[in-house]
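S.K.: This is the structure I want to talk about, given as structure tokens.
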Amino acid sequence: MTAPAGPRAHEHPVRVLDGRVDDERRDGTDVLRLERASLGFGERTLWSGLDLAVKPGEFVAVLGPNGSGKTSLLKTVLGQQPLDSGRVLLEGAPVRRGDRRSGYIPQQKLVPPGTPLRARDLVALGVNGHRFGLPLPRRGERERVDELLASVGATSYADRPVGSLSGGEQQRLRVGQALADDPVLLLCDEPLLSLDLAHQRGVSELIDRRRREHDTAVLFVTHDINPILDKVDRILYLAGGRFREGTPDEVLHGDVLSGLYGSPVDVFRSHGRVVVVGVPEAETHAHDHHHPDEHPGIHA
Amino acid sequence: MIDLDTYVQLLGLVQNSIIAGAVLGLVGGLVGVFVMQRDMAFAVHGISELSFAGAAAALLLGVNVVAGSLVGSLIAAVLIGLLGARARDRNSIIGVLMPAGLGLGILFLALYPGRSANKFSLLTGQIIAVDSPQLAWLVGISVVVLVALLLLWRPLTFDSLDPDVAAARGVPSRFVALAFMVLLGLIVAVSVQIIGALLVMALLVTPAAAALRVSASPVLVPVLASVFGLFSAVAGILLAIAGSLPISPYITTISFAIYVACRLIGRASRRGVRVAI
């Protein structure tokens, strides 16, 4: 469908799958599809004509300056933000609010000390937090929570109050919480923000391992590609009402980004890190002087 | 002081008040746990002032004071819930509603020709002034709040902690938030009758704040908060009938003393070994 024809067509990378992945997820149908999706607020177009297909186990990073609509894209996929036009499909059907097939990992927001929840309670909310009725534990829930805690390496602090844990530890718990229902898609909104390097690596490895072992698709919004550069399959770069999609090598190019921003931008690589220089200051607010109907960057 | 016989006689007279106080203390403590987590102490105060206005209007019109109090409470709670989804909007809305409510209440009281004791009790509380059928109402409303709160417990916990994630996981956030505001409105209306509009927080905020000082357990905190609330209310009433002072200062003082004690205990335990309770 949306993948551009020619040499840039994206092959779904071959992965080592464990026995737990069912056939439905393996047969190559897209987990997430955006078709000619457009969204804007008032006069301002965030993106329009956006096509994106994410296959099981694919790790797609969404990059772009502040205000380019990265978070709005996630809200759209979460069914919380209707599109102006186009469609968003989760496993072939339009997305709906509160769909438990997608797991959501938010920005790290410290839980205040004194919150009456232990680490395991935070994870348990992913399992039963949506359920009305007397808050009595059901059979099997404790085991499930223990399993999730173990899968994110949080067993050692399972019974500590959440508010006493570090940002990185809390973020691991949020990953565990998001995995509660074995999601087919993980939506991550800057999950590494304000974590130190060691925890950035730890949390991004958890997410990477999850998609490798369970073929979960990942849509990862970030302003800094470096912590996940060696993990991503593709990048969707949003800027100035336009976008560009491709492998990191294709997108993180001076020419490509200059085209997106409409002004000269340089991309440097050093020691496996990428540095983008020259992003216009005005990019964070004014987009009106761009031409929102044009997409010079797409499929070029 | 009074002798024991007289005290026992009095006890029989205020038996219903004690029951109402106990139920309110218990439910108020539980509601308080969420008031703290949702950062809504100021909202409690705002709702209570409108509840006071409603009660004063009822007094003036000669209709049921509890009903008037409920109407005022619910209007305030729903307005705050609808207009103040974000904390900042919420505080400004409460700041606007509160003096308006208090002012209206004072106006109605000034126009009210009846006994002045009734007037004063709405602001600073006097459970003895409430008659039996009304007490039944207060207990009934508290029980409704208790049951509804237990049914909402998990989604409300999730929404209080992280509304975005809760919504993404299928919690109907708007419904949950509004439902909590209605429950808060109901329990505030009950509290206004018992300890007065100005002192509502002693039963809806202080017990939970105290419990949170000594525990982070999702089970122990609500249990302690209700025990603290219940103890403050009942002990306050029992002490008050022995003397000639009103009930409210006893309740607020006991509730405050528990808070201070919990702070000290919390500090001591943080310095020593962290107890994972």
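Heads up, the Cβ atoms here are built off N, Cα and C, so glycines get one too.
According to TrEMBL:
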- B:12-35: transmembrane segment (TRANSMEM)
- B:56-80: transmembrane segment (TRANSMEM)
- B:92-114: transmembrane segment (TRANSMEM)
- B:135-156: transmembrane segment (TRANSMEM)
- B:176-205: transmembrane segment (TRANSMEM)
- B:217-241: transmembrane segment (TRANSMEM)
- B:247-266: transmembrane segment (TRANSMEM)
S.K.: Assess whether the transmembrane segment (B:56-80) lies in contact with the transmembrane segment (B:92-114), where contact requires at least three Cβ pairs under 8 Å among residues 6 or more apart in sequence.
M.R.: yes
S.K.: Examine the transmembrane segment (B:135-156) against the transmembrane segment (B:247-266) and state whether at least 3 Cβ pairs sit under 8 A, considering only residue pairs 6 or more apart.
M.R.: no
S.K.: Six or more residues beyond either end and a Cβ under 8 Å away: which residues meet both conditions relative to the transmembrane segment (B:247-266)?
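M.R.: Same-chain residues near the transmembrane segment (B:247-266) but 6 or more away: 21, 124-128, 194-196, 199, 202-203, 206-207, 209-211, 213-214, 228-229, 231-233, 235-237, 239-240.
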